[in-house]
Structure formats: C-alpha cells, structure tokens
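Peer 1: Here it is, the structure, as structure tokens.
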Ligand code: HEM
C-alpha cells in the first residue's frame, strides 16, 4: 500500500506572505492565505451612488451596537409603577415599567439619552438610506438579470426595516407610541373575517392589554434583527458573487469590472466612510433632540396630543388613512371598514407589490433573457424612469397628507381644504409626474444625440466675413462619446400578421397582444440614431 503525503498547510503560498508578519502569523494558524487571496483582490467599481448601500449597512451596525446598550436597561413590561426618578415633572405619576425604564435611560443612565438618540437617528437614516439605495437600483436597472433575487432580498429588507422601526418606537409605551399602536390595532381589526381574532391573538385580549409590549420587544430585539442580519449577509454575498454593476465608460464591458481592489483601497475607503457615518449620527444625536418621550407622557388610551406625528417612514400610511373618505359597509351584520382597509392595507399592498415585481414585469415586456452588468442612465429608459417618479409622487402626496394638521396650523390653511387637495393630487400628481418625467428624459436623450453629432457648445461666437454669427462647437472626447452612445435603443415588440401564409393563427394569443401594447408604451418614442448619423459619427464629422 502506498501513502501520499500532503503538506498540512500551503507552505508555498505562505512563502509569498513572508514580508507581512501579521498575515504570516494568521496564515500559519488558520491557513487563510489561499482562501482569501482571490477575495482580497476582488474589484469594486467606484461611484458615489454605490455608497448608499454602505450608508444603510453602517447605520445598521450602529443600530445594533446602540440597541444592545439600551436592552441592558429597558424593561419590556406593562406592570404599573409610580415614577420617582430624576425627571421631576412626572414625579408620582403612574405609568408602565416600559415607560419608566425609558425615562430612567434618558435621565439617570450615564450616556443613556445619547444612546437612545443615536439609536433613533441611526434608524431614521437607515431607512432613508435603504429607500434611496433601492431607488438607485430601480432607476439604473441594476435589478436586471442576474440580480432579481438580490432585488427581492433587498425589498424584504426594506419591509423588515419599516416593521423594525415601527416596533422600536412603539416600545417605550409613551403617548405617541401608544397612539401608533392603537392605529395598528385598528388596521388589524379592519381585516375582514379574521381581523377580530387576529387582534385578540396579537394583543392577548383587548387593546392595549399587558402582553403586547413584551411580545413586541422579542420581535424587535431578536426576531427581526436576526432576519435582517441573515438577509444582509445573503445580500452582500450575492453582490460579491455576481460582481457589482458599473457605469458605461471606456474599457468597461458587460464581461469585466473596472475599479479598485478590495484590499487595501476599497477597505480603507469603506472603513473610513463607516466612521464618517458614525460621526454624523453621533453629532445629530448629541445636538438634535429626537423622540422626547417625557414631553409626551405615558400612554393613556383615551388621550392624544395635538400634532402627533409618526416617524417619517410611517407618514405615508398615516396620510393614506387621513385622506380616505369614511366608507363603511354593513353586510349581513358584518362591518367592512373600507375607510381603514383600503388606505392601510390595499394601497400600500399595491404600491409595494408593484415595486417588488417590477423587474419581472420589465423582463416579461422586453423578453430579454441576457445578463446586464452595465447600468442604464435613467434618461435612456424614459418609461421606467417616469413610472418611478410617478410612484415617488404618489408616495410623496400620501406622506404630505400625513401632516395635514401641521401644514394647516403652520400655514393657516383649512384642514378640510388640504385633505381635499391631497385627495385630488394623489390621483393627478402621479399622472403629471409621469408625463413631465418622460418628456424631460426624451429631451435629454435628444440633447445627448445633439452633443454626439455636433459636439459641445463652447459659448464662443464667430462672425464670418459675410457677417453671419455662429457658435463654435467643440468635439467630444472619445470617452465621452462612448459613454453617451453605449446603450441599446430598445425597439417595441412587433406582432406581425395575425395569421401566417398558411392561415395558421399567430401563437401567443391575448398575452402576446398585451405584451406588445406594454412594449409600445415603453419603447415607442425612444430617440434613435439613424444609419446616416452613425456614419457621420464614425467618420469623425461629429462637430460643426
Ligand atoms: C438593510 C438594507 C440594505 C443593505 C444594508 C444593503 C446593502 C447593499 C450594499 C452595501 C450593496 C453594494 C453597494 C451598492 O450598490 O450600493 C448593495 C447592492 C445591491 N442592493 Fe442593497 N442593501 C439593502 C437593501 C436593498 C433594497 C431595499 C434593495 C431593492 C429593493 C436592494 C437591492 C440591491 C441590489 C440589486 C444590489 C446590487 C447592485 C449592483 O450590483 O449594482 N438592496 N446593497
């Protein structure tokens, strides 16, 4: 019998690391060199918009760190206690232990208020960053094959982020959080047939009960964070495996990635950026007050303070509820509360489902099965861009509607008139936004084409011998011309005749007709470059 011997670890590889004692030390014990060699040379493209995902990541790290600090003192209990702490105005007031412990963190724990504020500000920035990051993915088409799964993972993170934020600011059991929970209980109750049972199940009986805060605590500190951590890990692994998309430019193709290596450049930049985010959040937390629960007081179900506002990311749901007419049906002794069901479940349901499924809709319309690693400039996909801006306008009107009371008091307007204005705008606004965005995108396409064909305007006016005035145009650099032309002009789907020469009907039926209609709506007015114009560009006459 013969035996083969293999070195226990990669000695040859280790040789290469001998100049770096730290790597050598780690490699001799863990054998990491071989495994990480290709990883640390991984290339990342550079663009400011790629930092948005990093802002989400770093603010989430801060949420975890400050959250651990808060759990050391927060008591998730609805047991009634009498307050005797440092905040004198509430001395002797009876409140839940949850509220009393939040007051304790704010006034009696060293750096407690700072940590509460860090946690809250980081949460606000986290959700803002996720939303803007997802919009950059949408508007640049970074969701296209092979990144559809990562789009869905990201979308789930967005929904979990909203849930986590809402759960978090509901925990202290102050007047504002209790009011938010009351709305949430109303929303659950509005679900037909199972709503009442579900509400009893969630709250352990009638609202508010004593079970909900401890349950919400477990959801907030364990369940949702664990899901977010798991999904963020999967999300980043996929970004790594699928490689990052990049903007078109000289030397950049669908097959390569041009950028900086992970080690040391990208890590140094990202690490530095992390501390910038930490610094900004700490500055905000130190200087700008957020969620002063002592000013709201403990939750009492029959009280509410004027001007109550949720955290910014819940505002669109509040607005949707506020602008809905009071429609209610009573069918065979069962009340169907459309006044709550439509604004709080159906409207956000449609908005979010549409957002999640857009990549699949677009793929169905284009029939495009190819991989895409070069990003779209939003102007070159006018319909997608216009749909995105219409969706943002819809969301924006709902969001403004959530502040109808504050807008009314600050600008001395009638709250009824405002509500009616928002009711009209929520339908009209997206249509106007769609139309304007599409026209602007097409206009920008034409301007690009003009630049490619005639060069950049220099502002220098020439007078010819005949007295004619003309502006001098400067040719674009080859790189700039490449950047402006490196995109496909998608053609609308042509259906062809309904039957072929043998009288056999076209396969595909109604589905294909629908697809052709959608394709026409999306791509029919893209600005094309004619063959003659291409020849002119190729011949280098692209400037007069
Ligand atoms: C907890 C929330 C999230 C974190 C921490 C996160 C983090 C990141 C990071 C660091 C990147 C690489 C840098 C960049 O392109 O910005 C990235 C890429 C990506 N993210 Fe997210 N993200 C989150 C949520 C989302 C959401 C809500 C979506 C979409 C609905 C999404 C979709 C994507 C996609 C498709 C990529 C690949 C982009 C490309 O290669 O160009 N992410 N994410």
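Numbers here mean position along the shown chain, with the first residue as 1.
Keep in mind that glycine also has a Cβ here, set from the backbone N, Cα and C atoms.
Sharing the features that TrEMBL gives for it:
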COMPBIAS  10-21  compositional bias 'Basic and acidic residues'
DOMAIN    22-248  domain 'Cytochrome b/b6 N-terminal region profile'
REGION    1-21  region 'Disordered'
TRANSMEM  50-74  transmembrane segment
TRANSMEM  121-139  transmembrane segment
TRANSMEM  151-171  transmembrane segment
TRANSMEM  183-203  transmembrane segment
TRANSMEM  215-241  transmembrane segment
TRANSMEM  270-290  transmembrane segment
TRANSMEM  336-361  transmembrane segment
TRANSMEM  382-400  transmembrane segment
TRANSMEM  420-437  transmembrane segment
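Tell me about the setting of these features in this model.
Peer 2: Tertiary neighbourhood of the transmembrane segment (50-74): same-chain residues 44, 98, 101-102, 104-105, 109, 112, 115-116, 118-119, 122-123, 125-126, 129-130, 132-133, 136, 171, 217, 221, 225, 228-229, 232, 236, 239, 244, 270, 273-274, 277-278, 281, selected by CB-CB distance under 8 Å and a gap of 6+ residues from either end.
Listed as Cβ neighbours of the transmembrane segment (121-139) (distance under 8 Å, sequence separation of 6 or more from its ends, same chain) are residues 49, 52-53, 55-56, 59-60, 62-63, 66, 151, 154-155, 157-158, 161-162, 164-165, 168, 277, 280-281, 284-285, 288, 290, 311-313, 355, 358, 376, 378, 384-385, 388, 392.
Note on the transmembrane segment (215-241): residues 39, 42, 53, 57, 60, 64, 67, 71, 74, 76, 147, 149-150, 153-154, 156-157, 160-161, 163-164, 167-168, 170-171, 202, 204 of its chain, located 6 or more positions outside it, place their CB under 8 angstroms from a CB of the stretch.
Non-local neighbours of the transmembrane segment (270-290) in the same chain are 51, 54-55, 58-59, 61-62, 114, 117-118, 120-122, 124-125; each lies 6+ residues outside the stretch with a CB under 8 Å from one of its CB atoms.
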Peer 1: Give me the stretch from 183-203, 336-361, 382-400, 420-437 with the greatest number of Cβ pairs under 8 Å to the transmembrane segment (151-171).
Peer 2: 336-361
Peer 1: If we skip the immediate neighbours and take only residues 6+ beyond the ends of the transmembrane segment (420-437), which ones have a Cβ under 8 Å from one of its Cβ atoms?
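Peer 2: Same-chain contacts beyond the flanks: 319, 323, 325, 382, 385-387, 389-394, 396-398, 400-401, 404.
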Peer 1: Are there residues at least 6 beyond the ends of the transmembrane segment (336-361) whose Cβ is under 8 Å from a Cβ of it, and what are they?
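Peer 2: Residues packing against the transmembrane segment (336-361) from afar: 134, 138, 143-144, 148, 151-152, 155, 159, 183, 186-187, 189-192, 316-317, 320-321, 323-330, 387, 391, 394-395, 398.
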